[in-house]
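Chemist: Before I ask anything, here is the structure I am working with.
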Amino acid sequence: MPGVIYLLLCAAFGWIVLDGFYPYAEKKNKEAENRFWVVMPASLGVGILLITWAVYGTAWFFYAVLGSEKPLMWSNGIVLGCAGLILAVVLGLRICRGRRLLECRKLILHKKLFRKESLFFTALFVFLIWIMFYVFYIRDGVLYSGFTVYGDYAPHTAMMRSFSMQNNYPTQYPHFGGEDVKYHFMFQFLIGNLEYLGMRLDFAYNLVSALVLLGFLMLLYTIGKKVTGRAWAGVLAVIFFIFRSALTFFRFLWENFKNGTLLKALAENTAFIGYTENENWGLWNFNVYLNQRHLAFGLLITAFVIWGYLDWVEAGCGHQEKGLLWMKKRFFSMEAWKYKSVEHALAAGLLLGLASFWNGAAVIGGLLILMGFAFFSDGKLDYLITAIMAVLLSFLQTKIFIRGSAVKASFYWGFILEDKSLKGVLWYLFQMSGFFFLGAAILFFWLKKRSQRALLVSFLFPLVFAFTMSLTPDVTVNHKYIMISYGFLTIFWAGFVVSLFSKKRFQKMLAVFLAICLTATGVYDFVIILRNNGPGHRVTVRLDSPLTEWLAENLHSSDLILTPEYSISEVTMAGVMMYLGWPYYAWSAGYDTYGRAEKAKTIYTVQDENQVRSLVQQEKITYILFEEGMTFEGENCSEDTIKKIYPLVYETEDRRIRIYET
């Protein structure tokens, strides 16, 4: 119950913040759109963003400064109490002034359409909550994670448990403990806090994930309807977002048809299909939003900011000048640069900046899109203020959480392609998205409004960034920028397909053909998601394990335990700081996993007691876990030296795992 109250309070607090400082309900609503679908998800997102940061900061203060052993108890009580008090005062003032508690009349202007939209979003929420629980749930004290998602859930659940079962302040990365945190972690803190408040882990993770993804899709629908003028375009954009476009499925059909194995392959295949680099990871399909759930929260905040700046683009593109003269005046005129609303710009920058440790890729993608908007808009100083505010807040957070440089930006052409020529890039885009990206050039000339063409070009900026820049050791993570471009470009394909339905029979047939081409691969990907996360395709972890309980009770965030390279296990679910968990997670975040792997291998394999003592002391390892038959980096391990030096403090009932204290 406290967890539910937390979320409701976040939504209510976000609502009054938007009403007071970001009054979208008062904006000119010439399209007579139902802005309820903007304000409702934005309220939840903004409320979660502000309140959760306040809870985190207060908990850090109580633990690091005041030495409290229960910092979340104090921080939740203080922050939620203050938020509730502010909410009560604001609502009281509304009543005294004769205002309604909720000005829904201004947000719902098209009641008949609103009823249809409500049915659509209700069905969408049921679908999202079902698929979230399908891939991740708890039953009888056992956690079940599907095969396509458990790898990403390993570091995420470890981080969640580091807050609900440990006091991870200052925050460390559980799969590479003892150092700073280079990975955006605030979404995991939110889930960990909800578990601390009594909400079961799977309920907390799945409910919040479904709500924020639904919120983003509401905004995508609203942006699509606003840009195209058609509600069905908004609906179709959501469908295109969930079920991707690619050549992959059609090539899969053709190759298996030639080999005479088509029916067998369709019936028995359980792996993602792919003919481009890493496509068989599920790099481009809906699985990304199931295992990278914090991405949806970042997109929710980003989409809200983008929606707020649509009027800037509309105004800039609405001038009567044409061609080069119009472009010239977008840069060489007072109107082009003079700010329109400093308050709006600061609020937008504040939201993006605060979201940087929720999902940095979404924030960068949003700033890239806004940079595109700025080219075609008046009021460029507003964009500059937003960017400066967002970057400044991100910089301050990185200085607090990260030692050294947060990112290492460098020019890197070609993404993950082997053939990095321009021809290779174009062929890659055609294979991985069909005509979706390359066909955008045709859509550009089909679009009638200058503002629509400006938006289309702007939405391509993250795609260009993904193929030209690298910020991390693993450039594969740039796929998120491509997916951000993809998500917003669905609006234009949806608008094009819907426009064909209003014409003659041939155009309607073409619309059906395009819709099939744009979704077939995604539909088959979804079938694989169901198969490869179903019965017999799930990793299980006991949550009530004596090992987990012992670790949670006896280790603290200041401890560092050397373990095998665990992914998701009874050890990670205790929220403890591991010396080196599964290395890919930490390596892709920028940690020196190779150095630690060599030292860990030495501790587990050498016979020299002095060398082991020296390394353990040097690396500040406080516990060593040994598992029968374990290997490390492919080498057999022995505990003979370890047990000679250090006392045994825990052994599992089956004697499979032993823990030594250093």
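Cβ atoms here come from the backbone N, Cα and C positions, even for glycine.
The transmembrane segment feature in TrEMBL is assigned to 6-25, 37-66, 78-97, 118-137, 203-224, 231-254, 360-376, 383-405, 425-447, 454-471, 483-502, 509-530.
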Chemist: Can the transmembrane segment (509-530) be said to touch the transmembrane segment (231-254) if we require at least 3 CB pairs below 8 Å and skip pairs under 6 apart in sequence?
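Modeler: They do touch: at least three Cβ pairs between the two stretches lie under 8 Å.
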Chemist: Cβ pairs under 8 Å with the transmembrane segment (37-66): which stretch of 118-137, 203-224, 231-254, 425-447 has the most?
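Modeler: Answer is 203-224, with the largest number of Cβ pairs below 8 Å.
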Chemist: Considering only the recorded stretches 203-224, 454-471, 483-502, state which has the highest number of Cβ pairs under 8 Å to the transmembrane segment (231-254).
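Modeler: Selected stretch: 483-502, with the most Cβ pairs under 8 Å.
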Chemist: List, by number or range, the same-chain residues at least 6 past the transmembrane segment (483-502) whose CB is under 8 A from its CB atoms?
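Modeler: Contacts of the transmembrane segment (483-502) (Cβ under 8 Å, skipping residues fewer than 6 from its ends): 220, 223-224, 227-228, 230, 232-241, 244-245, 284, 288, 299, 302, 306, 361-362, 365-366, 369, 433, 436-437, 439-440, 443, 446-447, 452, 455-456, 459-463, 466, 508, 510-511, 514-515, 518.
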